[in-house]
Amino acid sequence: MKKIGVLTSGGDAPGMNAAIRAVVRTAISKGMQVFGINRGYNGLINGDVYEMNTRSVSSIIQRGGTLLYTARCPEFRTEEGLQKAKKTCEELGLEGIVVIGGDGSFRGAADLSERGILCVGLPGTIDNDIACTEYTIGYDTAMNTVVEMVDKLRDTCHSHDRCSVVEVMGRNAGHIALNTGVACGATFVLVPELPYDLDEVAKKMLETKKTGKQNFIVIVAEGIGHSELIAKTLEAKTGIEARATILGHVQRGGSPTLRDRVVASEMGYYAVELLENDIGNRVVGMQQGKIVDFDIQEALSMKKPFDEKLYQISNTISI
Ligand code: ADP
């Protein structure tokens, strides 16, 4: 194919810009025309689309957020919305689209592929909650942000002999919580994948206090929530002052790490190669460090295992 589009959809993630840059420059180097679509599927429905050149993506590889903006687009879930989007593509001669987003965005990409516009999804979400890939663009940057913040909280916890209950992102997945918990030496990590018992957390805090531990970090995934209540409960059970901090959207921003920039560049390149060969309705992912692709429906039906071994390691070494 000769004319493609690129859009970012759903929640933003650091590294999306690096992916856009790779898509644009790979396409141009292959003699294709490439169009930027603003604000996710909204841009396709409203015709908010512009042709990009190699310089359109200058100096964005190091920037968080997304040059193309992102949005949710309820209209795209309707047949009418899909037809409007298809019409925009036909008017511009767009034969394929690279969709950078999460599972929701991939469902939309499958719907549009079914209607003749070939879409390739790139996993862009900080949560790493896309089953077909061991890595999603933005995950590394978000975790490094958490580590930086928790290290700062630990300083003040130490000064005051406190416990810091830190809520990190991950509505349905505890990958950020678990990995940052290990990296920050958290006493306990609470994740949506596994049951938890605050009596057990309190017991561990008191046992380790006896051996001289002075400060405590408890990482709570967003999917568990109730961080304020958890802090109050732990304080009541242990007598150790506990404060809750919800890190929130700070985790979605910032300059992408080396890993996010490299993976985004590789995946962006790979997506254009698929479209060049008229292959659509695919999601690009990483398996054992290699870039691979899956049928979108197959990708959406996969399940990602939780790393119980790492959870066990976390519990073993946080004593
Ligand atoms: P993410 O892509 O990060 O999972 P969302 O779930 O919010 O984010 O999805 C982003 C957009 O993808 C939605 O606003 C909508 O335009 C489109 N989308 C989501 N789910 C579907 C669906 N089931 N069918 C068609 N389009 C969908």
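Here the Cβ of each residue, glycine as well, is placed from N, Cα and C on the backbone.
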Return the residue out of GLY5, GLY11, GLY170 that TrEMBL annotates for the same ATP site as ARG72, CYS73, GLY102, ASP103, GLY104, SER105.
GLY11
Suppose a student reads TrEMBL and sees ARG21, ALA22, VAL23, VAL24, ARG25, LYS213, GLN214, ASN215 listed for ADP. Which of ARG107, ARG115, ARG154, ARG282 should they find annotated at that same site?
ARG154
Env. residues of ATP site, Cβ within 8 Å of mean position of GLY11, ARG72, CYS73, GLY102, ASP103, GLY104, SER105 Cβ:
SER9, GLY10, GLY40, GLY101, GLY108
Consider the binding-site residues GLY11, CYS73, ASP103, LYS213 and say which one has the Cα lying nearest the Cα of VAL250 (substrate binding site).
GLY11
Cβ distance under 8 Å to THR125 (substrate binding site), same chain, sequence separation 6 or more: which residues?
GLY10, GLY11, ALA13, GLY101, GLY102, THR136, ILE137, GLY138, TYR139
With respect to ligand 1, which members of the binding-site residues ARG21, GLY102, ARG243 satisfy a Cβ distance under 6 angstroms to one of its atoms?
GLY102
Give the residue from the binding-site residues CYS73, MET169 that has the most other Cβ atoms within 10 Å of its Cβ, counting over every protein chain displayed.
MET169
What's the most sparsely packed of the binding-site residues VAL23, VAL250, counting other C-beta atoms within 10 A?
VAL250
Suppose we draw a 10 Å sphere around the Cβ of ARG25 (ADP binding site). How many other Cβ atoms does it contain, all chains included?
20
